[in-house]
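A single structure is presented below for examination.
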Amino acid sequence: MTKLITTVKEMQHIVKAAKRSGTTIGFIPTMGALHDGHLTMVRESVSTNDITVVSVFVNPLQFGPNEDFDAYPRQIDKDLELVSEVGADIVFHPAVEDIYPGELGIDVKVGPLADVLEGAKRPGHFDGVVTVVNKLFNIVMPDYAYFGKKDAQQLAIVEQMVKDFNHAVEIIGIDIVREADGLAKSSRNVYLTEQERQEAVHLSKSLLLAQALYQDGERQSKVIIDRVTEYLESHISGRIEEVAVYSYPQLVEQHEITGRIFISLAVKFSKARLIDNIIIGAE
């Protein structure tokens, strides 16, 4: 049965005992409202580690001034039930006051990796992500931590953070989990109307178009961006906010493609902003 831990002190006590006994810890940090994408990461951890910890913590530092922290969905009982079904050992669900007992004396600034794509639209967001992930890594001390490739920019930033701060954890990127028709699974999908849900499948289809262009030898980013944009404009009613090609994981905008790339999409429907991406090319 999955155990619910609600304080930093108790979590640290469990971790210290686990480390003394040589137990491996897998960790999946989340903000709750869990879906199959999260559960895929939990299953991967359970199959690899002695203990799997899932954190459920809505982090106030990654919400901007126009983003409603209080309105973010919270469903800890349901989340606990879901992760129990796939074998998680611990859900770590601390209070905000326990993670941030006072004003932070040191600000973490991500830098250029956060100045593009989602980070450019949400200033300070990735600073908040890195701050809380640093804290959670120090509390849970995982051997392996699992992040979804759906948030590819976040994954690249966390990998850089681990390298720069010498965290003794291996980051495992998990492929995007999709519905049967290709739509990337997301807690935001419930906000789509029936018509928007039918249209939303074209995000993934447009990425497959981009992949086909690349495989056919196209290396001009503008050509790929234009073709993807044209496809989306003819298939969806939502507002296209972004079609971009960046190197990965360096996140440098590409004009002529020479290596591994990350093609990113963002579309705003009436009540949901959806993102999707594909990573193409050899590592």
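In case you wondered, yes, glycine gets a Cβ from its N, Cα and C as well.
In case it helps, Swiss-Prot gives these features for our protein:
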type	residues	note
BINDING	31-38, 148-151, Val177, 185-188	ATP binding site
ACT_SITE	His38	active site, proton donor
BINDING	Gln62, Gln154	(R)-pantoate binding site
BINDING	Gln62	beta-alanine binding site
Using C-alpha atoms, which one of the recorded positions His38, Gln62, Gln154 comes nearest to Val177 (ATP binding site)?
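Going through His38, Gln62, Gln154 one by one, the closest to Val177 (ATP binding site) is His38.
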Calculate the distance in Å between the alpha carbons (Cα) of Met31 (ATP binding site) and the residue listed as 'active site, proton donor', and round it to a whole number.
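One finds 10 Å between the Cα atoms of these residues.
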Whole-number answer please: how many Å between the C-alpha atoms of Gly37 (ATP binding site) and Gln154 ((R)-pantoate binding site)?
15
Out of Met31, Leu34, Val177, which has the highest number of nearby Cβ atoms, where nearby means within 10 Å of its Cβ, if these are the binding-site residues?
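Going through Met31, Leu34, Val177 one by one, the largest Cβ count within 10 Å is at Leu34.
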In DSSP terms, helix, strand or coil for Gly37 (ATP binding site)?
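Helix, per DSSP.
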Who sits close to His38 (active site, proton donor): which same-chain residues at least 6 apart have their Cβ under 8 Å from its Cβ?
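Listed in sequence order: Ile28, Thr30, Val54, Leu82, Gly148.
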Excluding near sequence neighbours, so keeping only residues 6 or more apart in the same chain, what lies with its CB under 8 A of Lys149 (ATP binding site)?
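Lys149 (ATP binding site) has long-range Cβ partners Leu155, Gly173, Ile174, Asp175, Ile176, Asn277, Ile279.
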To which of the binding-site residues Gln62, Gln154, Ser187 does the lowest count of other Cβ atoms within 10 Å belong?
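Counting other Cβ atoms within 10 Å of each of the binding-site residues Gln62, Gln154, Ser187, the minimum falls on Ser187.
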Between the Cα atoms of Gln62 ((R)-pantoate binding site) and Ser187 (ATP binding site), what distance do you get, rounded to the nearest Å?
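Answer for this pair: 17 Å between alpha carbons.
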